[in-house]
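According to TrEMBL, the features are:
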type     : residues : note
DOMAIN   : 41-290   : domain 'G-protein coupled receptors family 1 profile'
TRANSMEM : 22-48    : transmembrane segment
TRANSMEM : 60-82    : transmembrane segment
TRANSMEM : 102-120  : transmembrane segment
TRANSMEM : 140-158  : transmembrane segment
TRANSMEM : 198-225  : transmembrane segment
TRANSMEM : 237-254  : transmembrane segment
TRANSMEM : 274-292  : transmembrane segment
Amino acid sequence: MWGWNQTSLEDFILQGLFDDSFFSLCLFLLIMLVFLTAVSGNSLTILLICADPRLHTPMYFLLSQLSLMDLMHVSTTIPKMATNYLSGKKSISFVGCATQHFMYLSLGGAACVLLALMSYDRYVAICHPLRYTVLMSRSVVVMMAVMSWLSASVNSLILTSVLMSFPFCGSRIIHHFYCELPAVLKLVCGDITLYETAVYICSIVFLLLPIILVSTSYGLILHSVMQMRSAGSKRNAFATCSSHLIVVSFYYGASMFSYMRPKSQRTPLQDKVGSLFYSIITPALNPLIYTLRNKDVAKALKRVLRRDIVA
């Protein structure tokens, strides 16, 4: 299983999303518009957080890491899809497929862990405000970010190495627009029962456990908010958490749809739609949600623009 023979190293064919119809052209242009929105929005969020000292807080540091993950995520899949469509080619090399698989799986897993840790940050800020600077010190926040990146990368490296070591046979056509795990797994010749079990366990670790942490954090936050006497404090607490909850719902919902459905209920079209949602639509929505619903980020943008105009 571990040997990469000449047959295994042959190119794969990405079926993609588009054909030669006018509708496909419109869909391609729409996806590229969303892609540009995701790239510009996440890049702007990172630049604002780095440039404005008032945003150098644990919450915004974690947000900058999420934006970096989203930026890398869309850059891993969409450019190759666009290149294949514009060039008329559909091939992707064995190494390119393995790299793409490792990157998207690493970034997706890291985002799942980070979103859970961001909910813990909100819990500490609202339920233990006097201990916030201690519980969310700089070293703790950096450790959170490192843990997100490292755990997801190790998981992805193992899953990718094992997957790409299987023998592939048949047409080598991947019914997807990038090398997503379920689509590549369908091309494997041999017994993959143990591997599928491992993938399911990893899905529980990187999806269900973070969801439990998020639910617990916001359950405690809700209990604390209901005990507040000030209506203004309640509004501020809900406003602070609502953006994160929206992002969490989008990301975990799409990921669970893609990875935790029974195999009998999966179709290539459903896999493509689910992947399209969390690989490009969610990264495009995240900066918009955080920016439009966050007064600190909006003020930081005004300060940066005012500074540039004066300069």
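Cβ atoms are placed via backbone N, Cα and C, with glycine included.
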Sort out for me which stretch, of 22-48, 60-82, 102-120, 198-225, 274-292, has the most Cβ pairs below 8 angstroms to the transmembrane segment (140-158). 102-120
Any residues 6+ beyond the ends of the transmembrane segment (198-225) with a Cβ under 8 Å from its own? 108-109, 112-113, 115-116, 119-120, 122-123, 126-127, 152, 155, 159, 162, 181, 233-234, 237-238, 241, 245, 248, 252, 255-256, 259-260
Grab the same-chain neighbours of the transmembrane segment (102-120) for me: Cβ-Cβ under 8 Å, and only residues 6 or more beyond its ends, written as numbers and ranges. 59, 62-63, 65-66, 69-70, 72-73, 76-77, 144-145, 147-149, 151-153, 155-157, 159-160, 178-181, 202, 206-207, 209-211, 213-214, 217-218, 244, 247-248, 251-252, 255, 278-279
Would you mind giving the whole-number mean pLDDT across the domain 'G-protein coupled receptors family 1 profile' (41-290)? 87
